[in-house]
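In what follows, a structure is listed as structure tokens, so that the remarks can point back to it.
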Amino acid sequence: MCFSASYTDSSDDETSPRDKTQINSKGSSDFCVKNIKQNEFGRREIEIAEQDMSALISLRKRAQSEKPLAGAKIVGCTHITAQTAVLIETLVALGAQCRWTACNIYSTQNEVAAALSETGVAVFAWKGESEDDFWWCIDRCVNTEGWQPNMILDDGGDLTHWVYKKYPNVFKKIRGIVEESVTGVHRLYQLSKAGKLCVPAMNVNDSVTKQKFDNLYCCRESILDGLKRTTDVMFGGKQVVICGYGEVGKGCCAALKALGAIVYVTEIDPICALQACMDGFRVVKLNEVIRQVDIIITCTGNKNVVTRDQLDRMKNGSIVCNMGHSNTEIDVASLRTPELTWERVRSQVDHVIWPDGKRVILLAEGRLLNLSCSTVPTFVLSITATTQALALIELYNAPEGRYKQDVYLLPKKMDEYVASLHLTTFDAHLTELTDDQAKYLGLNKNGPFKPNYYRY
């Protein structure tokens, strides 16, 4: 039979947060989290994260007196973890009012959501939301009496889409959107192309700092963590297919290859495919290896990358999981049929059992593996969070006319500034150009050092 297991800790009661009335120490009930009493534990988690997010704390200290976000009313939809809490509290310290919800129904740290709610941030999120809860939480963030957002920080585009569709008058008054995922950016470009994007948007996903660090270096570490925690699998000698060889796919491939796995790559883009070949991976069609592989990892941001027909042909004991943002890459809906049995074996791990006894191990119900099943390196998230904060400051303070109703990349100078803030962690010392060298290269001594078309 099919069933949906609880993703809450055993210490939590099973009452939906929507059915409970909770009040923080300030007397406010403008939030909806699992248990407000977990706030002290969440505060410790945030303090630990702050230690490895020195660049964001540095930005907070430098700009706190100026309050560059004074008057900003930011509605956000991201993963709610200790690291994003450091970002949210930085935005508040810089003058913003924030209301927040989760972009993933499994990645919320309940204790962190409680800690934020205790400080006065209106958080509507808990781990293990239903699909209905997810949209209810988004609506509660946007639709509240006496408060109207003027900035959006999104991860995946669901919040932007909801405001655009449900509250068009609110959408028109938004001063800027900052989006950090492939999926969300794609949706913004679609709106722009159709002439329906009536506000400027910043594509943080394609900033160098986000692409290289959050996508490549982060996934290179967190893919192994997620797989080990959920399955205890041995990687040496395993045959693995990575679907997509963008920055996320590159990170996953590098990690698995280093542990002795036999790695195949699927790609639609000949340039990425050629890169995979030159890095020593066989580029195949999924159907060519579907019967022999042990693990499939999707990293494309697309839909139906792994279909029911392909899942039917996978061998017993094989593992399927997703590292792309979207939960549509694996056709999980097609597995919810009467002839297949779902067996929950541990949190975030389902055995899907075929009539002949074959089992396929599905992780996080096809949602993002690393944030659903493990953790992500705090330092990497510091880089992304600093980029997001600077993008919000830039859009909010930009003089009228600088940004039109379109999608923009983060200015190169900002990318370099984010990187420079993080160099102190490594005691790294940059070489400075002489006046003569700067003149020879035609550069400003303080940057930017590369043209916008440069590929790092």
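Cβ from N, Cα, C; glycine included.
The substrate binding site annotation in TrEMBL covers Thr81, Asp155, Glu180, Lys210, Asp214. For Gly246, Glu247, Val248, Gly249, Lys250, Gly251, Glu267, Asn370, the entry in TrEMBL reads NAD(+) binding site. TrEMBL lists 215-376 with the feature domain 'S-adenosyl-L-homocysteine hydrolase NAD binding'. Here TrEMBL flags 1-26 as region 'Disordered'.
Each of the binding-site residues Gly246, Gly249 was scored by the number of other CB atoms within 10 A of its CB, and the lowest score belongs to Gly246. Of all Cα pairs drawn from Thr81, Asp155, Glu180, Lys210, Asp214, which the record names as binding substrate, the longest spans 18 Å.
Lys250 (NAD(+) binding site): 25 other CB atoms within 10 A of its CB, across all protein chains. Lys210 (substrate binding site) sits 10 Å from Glu247 (NAD(+) binding site), taking the CA atoms of both as reference points. For Gly251 (NAD(+) binding site), the nearest neighbour among the listed binding-site residues (Thr81, Asp155, Glu180, Asp214), judged by C-alpha distance, is Asp214. In this view, Asn370 (NAD(+) binding site) is surrounded by 26 other Cβ atoms within 10 Å of its Cβ, with every protein chain counted. Neighbour density around each Cβ, counted as other Cβ atoms within 10 Å, peaks among the binding-site residues Glu180, Glu267 at Glu180. For Glu247 (NAD(+) binding site), the binding-site residues whose C-alpha atoms fall inside a 10 Å radius of its own C-alpha are Asp214, out of Thr81, Asp155, Glu180, Asp214. Note: the Cα of Asn370 (NAD(+) binding site) and the Cα of Thr81 (substrate binding site) are spaced 12 Å from each other.
Gly246 (NAD(+) binding site) and Glu180 (substrate binding site) are 15 Å apart (CA-CA, integer value). For Lys250 (NAD(+) binding site), the nearest neighbour among the listed binding-site residues (Thr81, Asp155, Asp214), judged by C-alpha distance, is Asp214.
In terms of Cα distance, the binding-site residues that sit within 10 Å of Val248 (NAD(+) binding site) are Asp214, chosen from Thr81, Asp155, Asp214.
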